[in-house]
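Everything on this sheet refers to the single structure shown next.
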Amino acid sequence: MGTQHRIKVDVPDRVLYTVGSCVLVIGSIGITGNLLVLYAFYSNKRLRTPANYFIMNLAASDFLMSATQAPICFLNSMHTEWILGDIGCNFYVFCGALFGITSMMTLLAISVDRYCVITKPLQSIKRSSKKRSCIIIAFVWLYSLGWSVCPLFGWSSYIPEGLMISCTWDYVSYSPANRSYTMMLCCFVFFIPLIIIFHCYLFMFLAIRSTGRNVQKLGSTYNRKSNVSQSVKSEWKLAKIAFVAIVVFVLSWSPYACVTLIAWAGYAKTLNPYSKSVPAVIAKASAIYNPIIYAIIHPRYRRTIRSAVPCLRFLIRISPSDLSTSSVNESSFRASMSSRHSFAARNKSSCVSSISAAETTWSDMELEPVEAARKKQQPHRSRSFSKQAEEETGLLLKTQSCNVLTGEKVAVSSISLHDPFERSFGENAPELLLRPSCLRTSSLPFGLNSSSTEENADTSDMEVQEQHQMEASSH
């Protein structure tokens with residue numbers, strides 16, 4: 001770090017005091033707000049979902065950003081120059097770069113997660129887990145760490161900037177190392193993630209619009225219309241919250257990115273101390289926006305904070321609708337996937353509907369002994385068809401033999417039941433439902449067990465013997 005960077009800037013001291021005071025206020029709000037976000041998501045178990053782990057990570061990085069940047073900047077502004085030397089400058093910029101890049105990459109992870117949940121719900125159900133979220137978060141931190149330590153090992157360097165009360169990487173010097181680092185950092189930390197984020201939200205919007213149209217078309221056929229609509233609204237509501245946070249973050253860092261690109265293009269002399277320091281302050285103020293966004297939009301977060309911090313009740317208000325009903329964005333991103341699953345596989349849903357209809361037909365066509373016993377054993381029709389089939393298969397295993405007359409009745413019953421099932425399900429029906437053994441099981445009288453069969457067999461043998469005796473006596 002050269003001595004030319006330690007020259008005191010020729011600006012009034014009151015300007016430095018004002019900037020330092022603003023930074024301190026911003027940092028205090030960021031520390032308090034993000035601590036409240038972390039407390040809300042930690043204390044409320046319903047908020048601790050795999051998707052919300054990314055929000056907690058974002059709050060953690062914003063908290064650390066405010067805690068490390070604001071006090072140091074305020075201290076130097078009170079002395080009207082940088083007083084912490086090279087080590088303090090390296091620490092200041094390293095922390096700012098690490099936590100700032102982590103916030104950007106976390107927003108990217110949130111966007112990709114929302115994209116997968118809304119456009120590929122079936123795959124997201126299988127992949128969703130807290131362990132997976134933690135692995136992604138660990139990768140985000142390692143990625144940010146890699147970019148932050150590069151200037152410490154010679155690829156660019158950390159120097160004081162602007163009003164000389166803060167530090168940044170050297171984007172002013174026109175050296176190959178500084179220019180390459182500045183361009184790579186802007187591309188892989190800002191512009192490329194930004195393109196991916198807007199790509200995700202574009203396709204999310206198209207998927208939501210397409211799903212809404214399909215729900216309207218299928219509303220007369222499916223009684224799950226309200227569930228699917230609620231699921232779609234829930235997913236889109238949560239995606240909009242993340243989108244607002246992303247837009248605010250991008251707007252905060254865009255001026256700083258523009259300043260670095262101007263210097264990278266060779267026009268560093270056109271930048272004055274104010275044009276260098278003010279964008280940096282705006283960028284680091286992005287740490288305070290997320291708590292405000294969640295306090296305004298997220299009802300469960302508001303309720304948690306109100307109950308934990310009574311003194312904030314006059315600032316955080318809850319509408320009657322939030323108190324009476326659960327908001328659409330309270331549920332987990334994955335909790336509503338069951339209705340999304342049924343809608344995404346609507347061809348299979350029609351088969352499930354056919355199962356329900358066929359189940360009613362089956363109960364109407366059963367023999368009276370079976371129907372009477374079934375009413376005792378199955379008080380509710382809400383049990384799954386597969387469970388009923390298992391019970392009926394167990395009944396079939398108890399049956400070992402039957403007489404000719406009963407066998408004919410069973411055969412007739414199975415034939416009469418096979419036709420409506422085949423018409424209802426078609427070729428795509430589950431194999432279990434078309435299995436003749438399952439159909440015959442439902443038609444077997446409960447008295448047709450092994451003991452009754454043996455009694456019938458003994459009675460038949462006695463009748464045959466008596467008939468032979470009568471024939472012998474007549475002869």
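Cβ coordinates come from backbone N, Cα and C, glycine included.
With respect to the membrane, Swiss-Prot annotates Pro12 and Val309 as residing on opposing sides. When you go through Asn178, Asn227 in Swiss-Prot, the residue listed as N-linked glycosylation site is Asn178. Of the cysteines Cys22, Cys134, Cys150, Cys167, only one is given by Swiss-Prot as the disulfide partner of Cys89: Cys167. The average per-residue pLDDT of the prediction over the topological domain 'Cytoplasmic' (43-53) is 85, rounded to a whole number. If one looks beyond the transmembrane segment (22-42) by at least 6 residues along the same chain, the residues whose Cβ comes under 8 Å of a Cβ in the stretch are 48, 52, 55-56, 59-60, 62-63, 65-67, 69-71, 73-74, 77, 281, 284-285, 287-288, 290-292, 294-295, 301, 304-305, 308-309.
In the three-state DSSP assignment, the secondary structure recorded for Lys284 (N6-(retinylidene)lysine) is helix. Contact counts against the transmembrane segment (91-111), taken as Cβ pairs under 8 Å, peak for 54-74 among the stretches 54-74, 135-155, 188-208, 277-297. Counting only same-chain residues 6+ beyond the ends of the topological domain 'Extracellular' (156-187), those with a CB under 8 A from a CB of the stretch are 1-2, 5-9, 11, 15-16, 19-20, 69, 72-73, 76-77, 80-82, 89-90, 92-94, 96-97, 147, 150, 257, 259-261, 263-264, 266, 268, 271, 273-278, 280. For Lys284 (N6-(retinylidene)lysine), the same-chain residues 6+ apart in sequence whose C-beta sits under 8 angstroms from its C-beta are Val23, Ile26, Met65, Ser66, Gln69, Ala70, Gly96, Gly100. The DSSP breakdown of the topological domain 'Extracellular' (75-90) into helical (H, G, I), extended (E, B) and coil residues amounts to 10 helix, 0 strand, 6 coil.
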